[in-house]
């Protein structure tokens, strides 16, 4: 409307923006100082011509390229994001329909006073919010031409030309100098700004087609970034033209998720004062638009404390992300009598049914009588009923537990290593059954191979015709149904059409899961050694899958960045856990089956609630993609291993990092706690198995309220005190570890001749 136009012209004149003023006058057909002579033409063809308008499009583009930045359009109470063909203007946020009324913006250039609000009535008001403190309201009756472009354009549009490209290096080096000269206590915290600012300033230069300035900016400052961002910088260096940014995932991640920095209030005030004194709006805009600064009250963190926690694709986790209550306790075991006599051993039949004797309660059975105060309600999620065979298995388990070796620094486990020789098919996954009777390998030639580790051979069930002849009442019916003719040490399962990246036995040993590059998860029967179901949900390679400790449920994670929860009798996933910014590389169930941990190539670990699909923990600190996860047997702690060669230990209840184990020199592919949780074993591509003292690592944890609230973690300086032993293989990377029920450690890998 006319008054708005007059106000804008006066503002332009006051700001010495003569050129813009002239163009606006020409477009609005206002000459000289005769501001009242003419207003916008009522047809809507004045300032922003609609498709049928007769405005001079060159003038329009020239105007738009000056009135830059994010535009929010609302027409008739409904909203649309506008993307314009001119390099200047583009759109991001839109107002939801019915939420019309006032559109307000704050403008840093005016000391943060609210901009004039525009009514979003039926005429529609196009409001261009200029971060430099210019608010332009354009009356507009016609429709707006909206190009239908993918999200990327809307995301990229925030990178409009916002400053003189030649000054970017000056801005950045000015801030760098300020931070490097600040007090030690603030320097470490403020140094976190270098990387996200570097990336956004570089992308802004590229997006606005200042390619030579972008190149020089990158070359001058990329060497200053922390070493753990090298991989990201390599991707960034390949984005040298605006066109490259269109379909780039890394680009989208960085833009759509705000980079999170955790900074003390004192350091933040210092930064804010500096930027306002220098009037360095360019950097201040990026801080406000692209970064999320999680401010806490209290002492600034030290360089070591910050280094331990940073390194993920989107900075640290917000403290709010780790506040939800997590039921990390174990579920109460069902009670039944356990006969425990050595003479039973001889009197058992094949299936392990003990003869009836006067039951003696086993200590393991009586341990879990009291409900753990941190455990979830027993019926929080539906779990499958125990079958008779499961109960028998529990009895066997308790007997084995009675003979279990108590491990500790003075009593380390023996390690039995299964080496896959001549595995030219490329061994890509291994799993071992809970009772250590079978081992499975997934291979790059798309086969799944199952071996029996005990003298007992693998047999299939007889054909239907033969089964009908069996006396179903006989005591050894479970033996009779097996076909001796099929007995062999190895069974090969064919069905996948790509490398098999994950395998998992069901707790009752009746089923086997495998997941593959072909995008499917397959369920195999270990009675017939055939495929029962192919679960299709992922459209890309599936990197890992695992059965719940109670069976029935299983989880898968893949290249599509989500993890899915399935039940064996459903074709569709029950839950989809979305939130990671890169591939989900490994998945693990919590021992109580109410939670799932996922590790990702975005260098974070997330804990998800199976009941409602919420993400209840985000753990950052690894400097490379995560490849192994292990929960402690008591459910309180989580160990994670990654390509950075570090094992990190987490307290799930408090959402804190409580330890860091350094020693491996390559990716850690296997982590496992001993049966009672005294020892943590880690296996790596550096051809070693290392044993760590888990009891010592988790004792005397200082998890006071302050630490929990601010993340001031104090890790012991030297993790070598916790290292109990290092065991080399000749030339076999370790891909799987498993503690037997008696605490013998089994390890597996394929011999590599290089």
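Cβ coordinates come from backbone N, Cα and C, glycine included.
Annotated features, as they stand in TrEMBL:
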DOMAIN    163-291  domain 'TFIID subunit TAF5 NTD2'
COMPBIAS  338-349  compositional bias 'Acidic residues'
REGION    338-390  region 'Disordered'
COMPBIAS  361-372  compositional bias 'Basic and acidic residues'
REPEAT    420-461  repeat 'WD'
REPEAT    493-528  repeat 'WD'
REPEAT    535-566  repeat 'WD'
REPEAT    577-618  repeat 'WD'
REPEAT    619-652  repeat 'WD'
REPEAT    661-693  repeat 'WD'
Annotated stretches the repeat 'WD' (619-652) and the repeat 'WD' (535-566) touching (3 or more Cβ pairs under 8 Å): no
Secondary structure content of the repeat 'WD' (535-566), with strand meaning DSSP E or B: 0 helix, 19 strand, 13 coil
Spatial neighbours of the repeat 'WD' (577-618) far in sequence, C-beta under 8 Å, 6+ residues away: 253, 257, 311-314, 317-318, 321-322, 324, 326-331, 375-376, 380-381, 383, 543-550, 553, 555-559, 561-565, 624-631, 633-635, 638, 640, 642, 650, 652, 655
Arithmetic mean of per-residue pLDDT over the repeat 'WD' (535-566): 94
For the repeat 'WD' (577-618), the number of residues DSSP places in helix, strand and coil: 0 helix, 24 strand, 18 coil
DSSP helix/strand/coil residue counts for the repeat 'WD' (661-693): 0 helix, 20 strand, 13 coil
Secondary structure content, the repeat 'WD' (493-528) (per DSSP, counts of residues): 0 helix, 19 strand, 17 coil
Number of helical, extended and coil residues in the repeat 'WD' (619-652), per DSSP: 0 helix, 20 strand, 14 coil
Secondary structure content, the domain 'TFIID subunit TAF5 NTD2' (163-291) (per DSSP, counts of residues): 101 helix, 7 strand, 21 coil
